[in-house]
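Written out below as structure tokens is the structure these notes cover.
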Amino acid sequence: MTRVTEWVSGLGHVVNEKIARLGFAARFFVMLLVYSGQSFRRFPLTIREIYFSGVLSLLIILVSGLFVGLVLGLQGYETLQRYGSADALGVLVALSLTRELGPVVAALLFASRAGSSVTAEIGLMKATEQLTAMDMMAVNPMARVVAPRFWGGVISMPLLAAMFSAMGVFGGYLIGVVFIGVDDGAFWSQMQSSVDFRQDIINGVIKSFVFGVAVSLIAVFEGYDSTPTAEGVSRAITRTVVTSALAILALDFVLTSFMFRGL
Amino acid sequence: MNRKLLDLWVGFFVAFGIAALLFLALKVGNLSSANFSETYALQAKFDNIGGLKVRAPVKSAGVAVGRVGEIRFDPQTYEAVVTINVDARYHFPKDTFASILTSGLLGEQYVGLDVGGDEKLLQAGDVIAKTQSAVVLEKLISQFLFSKASDGPDKK
Amino acid sequence: MSDSGSLVKISGLNFSYDERPVLRGIDMDIPRGKVIAIMGGSGCGKTTLLRLIGGQLKPTHGEVQVAGHAVDRMGHDELYALRRRMGMLFQFGALFTDMSVFDNVAYPLREHTSLSEELIRDITLMKLSAVGLRGAEALMPGALSGGMARRVALARAIALDPLLIMYDEPFTGLDPISLGVIGQLIRRLNDALGATSIMVTHDIHESLAIVDYIYFMSGGRVVAQGTPDEIRASKDPFVHQFVYAEADGPVPFHYPAPPFGKELLGKGAV
Ligand SMILES: Nc1ncnc2c1ncn2[C@@H]1O[C@H](COP(=O)(O)OP(=O)(O)OP(=O)(O)O)[C@@H](O)[C@H]1O
Ligand SMILES: [Mg+2]
């Protein structure tokens, strides 16, 4: 009996804590937006973060995009040629990439490559009192440390996703046209007639922007909220990767159901 | 890290990203070719549109001349009303024939325009009088089977 | 600036982390232009006290006034305006690890002044030279020894020539030579700038040589205070224990705990 009440009250405690954390996250987001203005006045800080989150993620994004495109090309061809419509390979590759794989896979890679390092950096700065020191120097860490990292990620993400998709289409072209011998003209013209600029490309960009906001917010929040110890920081990094992945997939479902309904 | 070098890298990165976006928009998507800048709207009524979708191409003699803009159900006549946006460069006679065709056996459906001989041209907002509905494969098959069944015994 | 009396005035200050009281009724009066030392056993709340003065923590009861204004009732902008005139040396240095030594010291100057880069360079090198590390300007914090890092942090704390300088254990990790030099530096800086300094330290002998007034803390209270001469002459058991570094005395070496014997016997004995 006591065990049951203990369990229930324990559960209540956990739920309470989670909700309080969510509330703190919301307050944090508002603060972040408020201090973003200040951080834009020092734009070099954001440029630096674009370098760390964007430029340094280039390699993994381009290579993965190429391989995803190659695999799509191979698998797509296998299936399509059974129905005699191998010409539609370009459509298949381009639509899968621009609508789904580009934004989603690029965001997952981004979360584990750049998001985790942002969390680690902010967490360690907190653990070594660098954030407190900055605050004591009358420099707001929200404006100088958190906001530039957030916006660096938000700006990088759509660009990375576009590069991923472009690289993937190139991979599909390489396999389909260069190696297998699908007709070059059909590959591109079918693709162009079925991929719509507004419906597919712009929606894909919107998706990657939303993922960029989500991943960057999770990364900076987990770092800022981490327990200032080695263990606390490592747990925060894990949480960043896991929460980001869940958020990306859940948001993708929601966005897809809004964007492509009735198509 | 040197500030100049950093700016340079980020500059490259952003330029590269925008290039990728342009590639997607122009080469992968249809921003370059099929977005007709000036169009006028025509309407056509069909008994059955099959699997026709919004933004499907409108072709004449195999050339894309427009896109399907809107598909609506008319509760008075129980017909499908399809609005098509035709490139303003092209004009068609009054007695043009609109039909819903399929590219290939299982390909996507599009609206085909077969040009008639009338002197007068269709104006924006006009309704195309002569139409032919989509061929629905299931109907075709069942018709075929029925006719086979009805005249089956005699043939044997 | 309002009165020439005290710069920092602490009255009836109580503070608890969560439920655990750390400071219980502290009263201090820190006059302008003086160097004050705060001493006390490990974990008695000295760092906490500095944080309260800097406005990072809010008192549970009581009040901290700096230059006549209650710190805990200041808005964000007012607090930041105050902090611009404060320098703080953190117990663990807290150098920015992504910047070189030079950039660390130049940071407050770049943030809060519109001086030319040349002038900033001159001031920064001057400050680094004062702590004997001008030659280390290009190093990254990771490449510094513990004592060097604290000296860089000290240079950064005084970069803006603050009115109130707080040092959290400036002498730990320093060899006897640097210790003497830094001690003299703290004194000279204070007098040259007309600043006020609060120094948390365990080094009683160095403090007796340079400070104007000493507070002893224990268990979250001020237990003794006086000028260096009064302290040397004091018969107070707390002071005596500190000055002669005795393990037994009124200052507990142990963090509060149940008697050791009882814990060793533990639950098995019950
Ligand atoms: N963030 C915190 N949360 C909870 N308790 C804390 C926190 N920081 C410090 N404490 C507790 O407050 C008490 C005073 O800590 P403080 O850091 O002020 O000690 P100190 O006098 O500076 O000690 P030292 O000389 O070792 O630096 C300690 O008992 C410590 O356990
Ligand atoms: Mg301390």
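From the backbone N, Cα and C atoms, a Cβ is placed for every residue, glycine too.
Unlike curated entries, TrEMBL annotations are predicted automatically.
What TrEMBL lists as transmembrane segment is A:20-38 (among others). Panel annotation: around the transmembrane segment (A:20-38), residues 140, 142-143, 146-147, 150-151, 217, 220-221, 224-225 of the same chain, lying at least six beyond its termini, place a Cβ under 8 Å from a Cβ of the stretch.
Annotation source TrEMBL lists transmembrane segment at A:50-74 (among others).
Using a Cβ-Cβ cut-off under 8 Å and counting only residues 6 or more beyond its ends in the same chain, the transmembrane segment (A:150-180) has close neighbours at 32, 36, 39-40, 46-54, 57-58, 61-62, 64-74, 76-77, 86, 89-90, 93-94, 97-98, 101-103, 105-107, 110, 114-115, 118, 187, 191, 204-205, 207-209, 211-213, 215-217, 219-220. What TrEMBL records for A:150-180 (among others) is transmembrane segment.
The transmembrane segment annotation in TrEMBL covers A:201-221 (among others). Packing against the transmembrane segment (A:201-221) from elsewhere in the chain are residues 25, 28-29, 32, 53, 98-99, 102-104, 106-107, 110-111, 114-116, 118-119, 122, 146, 149-158, 160-162, 165, 195, 240, 243-244, 247-248, 251-252, 255, 259-260: each is 6 or more residues past its ends and has a CB under 8 Å from a CB in it.
Annotated transmembrane segment per TrEMBL: A:241-260 (among others), in sequence order.
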Tertiary contacts of the transmembrane segment (A:241-260) (same chain, 6+ residues out, Cβ under 8 Å): 99-100, 103-104, 107-108, 111-112, 115-116, 199, 203, 206-207, 210-211, 214-215, 218-219, 222
